[in-house]
Each structure stands twice: as C-alpha cells, then as structure tokens.
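Copied from Swiss-Prot, the annotated features are:
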{"type": "ACT_SITE", "residues": "CYS184", "note": "active site, cysteine persulfide intermediate"}
{"type": "DOMAIN", "residues": "130-224", "note": "domain 'Rhodanese'"}
Amino acid sequence: MTDSLTHTSPFLVAALYHFVSVPRFENLQALLQTLCEQSGVKGTLLLAHEGINGTIAGPDAGIAAVLSFLRAQPEFSGLEHKESRASKMPFLRMKVKLKKEIVTMGVEDIDPNKVVGTYVAPQEWNALISDPDTIVIDTRNDYETAIGTFRGALDPKTKTFREFPDWVRSNSGLHNKPKIAMYCTGGIRCEKATAFMKAEGFDEVYHLKGGILKYLEEVPQEESLWDGACFVFDERVSVEHGLKEGEHRLCHACRNPITAEEITSPLYEEGVSCSHCYDTRTEEDRLRYRQRQHQIALARKRGQRHIGS
C-alpha cells in the first residue's frame, strides 16, 4: 500500500468485484444491508447470479467487518478488493441491489465464470501495451476517458457499457494485430469484455488485473504510462497516482467531471450547467436545477445534507 493510503484520511474506501456463480444471491441482500448500516458503511453493492460488484466506504473496522462477512460465504472466499482513502464520506447512503448482471453489457450467454482473458499484473502492463503487436482498448465510457487514459489506447467513446459490443463488431481492424489488451477502472468491465472478445473469436486477449486503480497504486509515477486522472464513481470524482484524491469536481447537471479551468467558464454555474452540457439543456432545465441548488444551500445552513448534493 502506498504512503498516500495512510490514516490521515478517516474513511477507508474498498472497491470490489468477484465473478462467481451465486445461486441464492437474494438471501444476502438484507444481511449485507443490515451489517453495513450497523458498521457505519455506505456505498453500493450489486448482487446477481454472476457475482458481486461495488464500492463501499466507512471506518476501517466497519469495512473489515463487511469484507470478513463476504469472505465467510463459500462463493466469495476468494474475493479481492482495492483500498484507497477519502477525506470525507464519499457516499450518501448504503444500497444493496439485486441485478440481472453485476456489470451490464446486455449480451446473452457471456459468462466470465467460464471463459475470460488472461490477467496481466500492473508491473507487467507497460511491456504489454508497448508491444507493437498489441491493440490497447479502454472499455470505459467517454466521460471517464476524457480526464485520463493510457498512452496509445483506443477510446470507443461509448456512453454506456452496452454500446461496447457494437463498437467491437463495427471495427474489423481490431483483428489486424494478434494481441488485445483491455482495461477499466477496477477490472470488472474489462474482465467481462474479455469474455465477450473471446466469444467473438479473438484469441490473445489480456486485461489489467485490478484495473487502473491497482496500477496507480502499485506503479511509480516516474514509470507510469498513464496520463491524467482516473474517474471514480463517488464524491472524490477522480484519483491520481498513488490513489491521491484528484482535483476534478462533478457537474451535478450532467454528471461530467470538470476541471478547475472549466469552473471559470462563463457557462459554468454550480449544480446548473457547465461547458459540457450548457447547449444540451433548456432554460426550464436550468430553472429546475437552480431550485435544487437552493434546496441544497438551505440544507447546508441547517447542517444537513441534501439528497441531491
């Protein structure tokens, strides 16, 4: 663990996923919800027949209790997780949801529990993506890739992961090189993507073990081939090398990450608009967003946290 993951930040953040057959996954929902609430843990966990996925945050002891409970279940005994720290609680509430898929691709008969690509450790990733026989693909969405990516990676510019299969099928040039290397934030999307690629006839398919988060934690910045910041799905918005909290903020109108420079734009109004969404929203939209911001401000004055903040 890097020096940045010290106890100077009070909240421990655990990102986790595990593809495994869970026949009675519904039985875990209430147990997990209660345990997390009792342990001061917030975030989101998704349960499905194909496994578990989510990110949670809380005091160290609370996170340890939840992880211990999960690993005590036979299906999740091999569960791995990635840790980082946050200066404030990055989630508003705890949600344990039942889903058809723990990461939604929308393609039938794709099962990472049966067929998947080859894991590549962070320390070996640079050599793979620097190989001229390798095509590198970022499996994340456009608002994520906009703030950071690996050098030389293809960006499908998808809005959702559901669009990824169509992008692959429409790009015959992906067959021009023998190796495909894919990555995502924590590893889950690229793992499912490798199962899809294998089903599409690609032979040498690789994915970054632990995702970008593990790479940023373990690979020194001076050796890194990562440029920019990594978008995360909590109130930190982004993290950088060493998993240090990034400087991006979130536009609460369009949910895009924005930089300090973009905040100075005349199109930016907190919670109402930014340069990414100003032209795609109506005045009626902005009026509604301003009313929401007003309610958020009132809640702050009362020492409360508005659900839309």
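Keep in mind that glycine also has a Cβ here, set from the backbone N, Cα and C atoms.
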Going by DSSP, how much of the domain 'Rhodanese' (130-224) is helix, how much is strand and how much is coil, in residues?
42 helix, 21 strand, 32 coil
Intrachain C-beta neighbours of the residue listed as 'active site, cysteine persulfide intermediate', sequence separation six or more, cut-off 8 angstroms:
ASP138, THR139, ARG140, CYS190, ALA193, LEU208, GLY211, ILE212
To what whole number does the mean pLDDT across the domain 'Rhodanese' (130-224) round?
97
